[in-house]
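Below is the structure I would like to discuss, written out as structure tokens.
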Amino acid sequence: MKLLSKVAVACAITVAAVSTQAQPAKSLKHAEKATELRKAMFQLMASNMGPLGAMAKGKIPLNKEVVAKNALRLEQFSHMLGDYLKTDTRKFSVKTDALDSVWTDRAKLEGKITDFTNASSQLQKAVVSGDEKAIKRAIGGVGKTCGSCHDDFKKD
């Protein structure tokens, strides 16, 4: 039984390690599709973050229902990011703003994704509290995680 448990643990560790590693695109078509999907994910994130930033800056009124909905969406997106950033497209000529570090520094990338997940979760908690200052601070926290990732993984 102990041997079976050790084998199961070894398999789980292997699966976890492989699931976070970048995988090279197999063809130009594969690289183009991966890039298209990656960009679409970031556009969806931006469309949800944009109104939150405007609310935090007082450019539009704070709407707690919109904040709650967008915070949930952002957290859901955070759980998909690793998958959409897994395909290494560097071998092919595709138009992208992604830096090589997306695929060469996976541990740092995964850490940034975790920070984004946590910040999105904190924003959801702030909305439940109803405290507008806490909500705006939490929106800022999400924005900081976005900017931090851009600093390390996106071309200027």
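Cβ coordinates are placed from backbone N, Cα and C, and glycine is handled just like the others.
Among the features that TrEMBL reports, signal peptide is placed at 1-22. Look at TrEMBL and you will find Cys146, Cys149, His150 tagged as heme c binding site.
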For the recorded heme c site formed by Cys146, Cys149, His150, name the remaining residues of the chain with Cβ within 8 Å of the site's Cβ center, in chain order.
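Residues close to the heme c site, other than Cys146, Cys149, His150: Lys112, Phe116, Thr145, Gly147, Ser148, Asp151, Phe153, Lys154.
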Around the C-beta of His150 (heme c binding site), how many further C-beta atoms are within 10 angstroms, looking at every protein chain?
15
Looking only at Cβ atoms, how many others are within 10 Å of the one on Cys149 (heme c binding site)?
19
